[in-house]
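Visitor: Just passing along the structure, written as structure tokens.
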Amino acid sequence: MSSANLSIKENGAMVVFGASGDLSKKKTFPALFSLFSEGRLPKDIRIVGYARSKIEHEDFLDRITQNIKIDEEDSQAKEKLEEFKKRCSYYRGSYDKPEDFEGLNSHLCEREGDRSTHNRIFYLALPPDVFVSVATNLKKKCVPEKGIARLVIEKPFGVDLKSAQELQSQLAPLFDEKEIYRIDHYLGKEMVQNLVHLRFCNPVISHLWDKNSISSVQITFKEPIGTEGRGGYFDSSTIVRDIVQNHLVQILTLLTMETPTTFSADDLRDEKVKVLRRTRLGDLKDIVLGQYVKSKDGKKPGYLDDETVPKGSRCPTYSAIPCFIDTERWRGVPFLLKAGKAMDIGKVEIRVQFKAAANGLFKDAYHNELVIRVQPDEAIYFKMNIKQPGLSEAPLLTDLDLTYSRRFKNMKLHEAYEALFLDAFAGDQSRFARIDELECAWSLVDPLLKYMEEEKPVPEPYEYGSDGPECLYSFLKKFGYIYDSPDYYDYPVMSVPSDH
């Protein structure tokens, strides 16, 4: 039975592969509980955690609920949590033995009970090297004869264009493209979802959204922690694979795509693919690659101090990458993708700087900027000039500030995984990457990955807890960004998140 565009409203089950991992306890199960408590999941939902670790049932329940926060005085919330735990179970198995998947299918059937159809979502929070063996065994042993089957796959999908294509060639005979949901959790974040509405619901913004009005665009990811024991994994991934190729490129496409015919999943992704195919890197020698060293006070170690990192590694933990889009709308506008670990603060934001007024009447006016803060403290603010209050005629820089926590005090903003899991049950693929979209993203960064592998450039050092390499200022200046915020200007208040 085809699963295209069909919503799973009953007879639903979800298998969480990698259920013993940190992502499972920190994000996956809290998101599923939130949806369950709001009645957004199928009313008869069954959730099975699957991993290789030996975990007793009660220990598993304790593990998956330790990050779920409820009001202990709220009896209804406590009842919901207990009911949720009854819907969850654990099954231990390997990722390559058919008999373990046969056992999983029996476990699912037992949990599901007497159903006329079996609608199953298989969520793979696993290393890419086991995707194919898991998908193969699922197809043979666990895909129902009557019902819907969907494969939800966590990033990374490959490590470059070639590996992504090889992986897809092995998955394609097993699951149709309409059954594969490739997750980039940034597409579930509130402010990333909001980009489409911001651009296409507001004519005042739409009319300014091109090379005639915009001088530069920055997409910035800053994380305040380093690799902290994950250096072995990160060293093979690099900041380019870990953050730029997926999160930042996805944001770039939503910022720059043309108006889709409709907001159906394929129409939306068609436009993203079109703009990606016209996107290219700037000169490789203009790219800033950095690696953090110990903090100024010596309390935080450098990247090479991590025992899991290979000695002498030149893996970049920071990158600033210029991109250009060869379309009539965007030709000549630099898009600067900046990402780094062990930074001064944690934030993800989009900064659109507009060109100076052409009339020349106010030579001391400041540049307008539209800033979209993805996290923390979701916000949109527009930096603008007004007359300085009082008798002066001098321009004063201020902003129109839409900070969500102040404007929408009684409205819950759902976590990214909540939105994405809900879409997976609904059969909506618009916030999941299609294979040609992923291929374009890898094609974009592949020249940089090849340059890093072959030339092994020495990364610029920057202190743990700093704003990045010292050459960053000259990089931004070269690509037209103008620092002109006066000392008196106070940026909207922001807190620092612990993760991304």
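Even glycines carry a Cβ here, placed using N, Cα and C.
Per Swiss-Prot, the features are:
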{"type": "ACT_SITE", "residues": "HIS247", "note": "active site, proton acceptor"}
{"type": "BINDING", "residues": "GLY18, ALA19, SER20, GLY21, ASP22, LEU23, SER24, LYS25, ARG52, LYS155", "note": "NADP(+) 1 binding site"}
{"type": "BINDING", "residues": "LYS155, HIS185, TYR186, LEU187, GLY188, LYS189, GLU223, ASP242, LYS341, GLN375", "note": "D-glucose 6-phosphate binding site"}
{"type": "BINDING", "residues": "LYS338, LYS347, ARG351, ARG373, TYR381, PHE382, LYS383, ASP401, LEU402, THR403, TYR483", "note": "NADP(+) 2 binding site"}
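Context for these features, please: burial, neighbours, distances.
Guide: In the three-state DSSP assignment, the secondary structure recorded for HIS247 (active site, proton acceptor) is helix.
Within its own chain, ARG52 (NADP(+) 1 binding site) has SER20, ARG92, GLY93, SER94, TYR95 as residues 6 or more apart in sequence whose C-beta sits under 8 angstroms from its own.
When secondary structure is read from DSSP and collapsed to three states, LYS155 (D-glucose 6-phosphate binding site) falls in the coil class.
For TYR381 (NADP(+) 2 binding site), applying a Cβ distance below 8 Å and a minimum sequence separation of six or more within one chain yields LEU370, VAL371, ARG373, ASP399, LEU400, ASP401, LEU402, THR403, PRO492.
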Visitor: Same-chain residues six or more away whose CB lies under 8 A from the CB of LYS383 (NADP(+) 2 binding site)?
Guide: TYR366, HIS367, ASN368, GLU369, LEU370, VAL371, LEU397, THR398, ASP399, SER485, TYR489
Visitor: If you skip the near sequence neighbours and keep only those at least six away, which residues in the chain come within under 8 angstroms of LYS341 (D-glucose 6-phosphate binding site), Cβ to Cβ?
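Guide: Long-range Cβ contacts: GLU223, ILE225, GLY226, THR227, PHE234, ILE239, TYR292, THR317, TYR318.
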Visitor: Find, among the binding-site residues listed as TYR186, TYR483, the one whose Cβ has the highest number of other Cβ atoms within 10 Å in the structure shown.
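Guide: Counting Cβ neighbours within 10 Å, the top one is TYR186.
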Visitor: For ASP22 (NADP(+) 1 binding site), just count the other CB atoms lying within 10 A of its CB, please.
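Guide: Excluding its own Cβ, the number within 10 Å is 12.
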Visitor: NADP(+) 1 site residues GLY18, ALA19, SER20, GLY21, ASP22, LEU23, SER24, LYS25, ARG52, LYS155: biggest Cα-Cα distance, Å?
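Guide: About 20 Å separates the two most distant Cα atoms.
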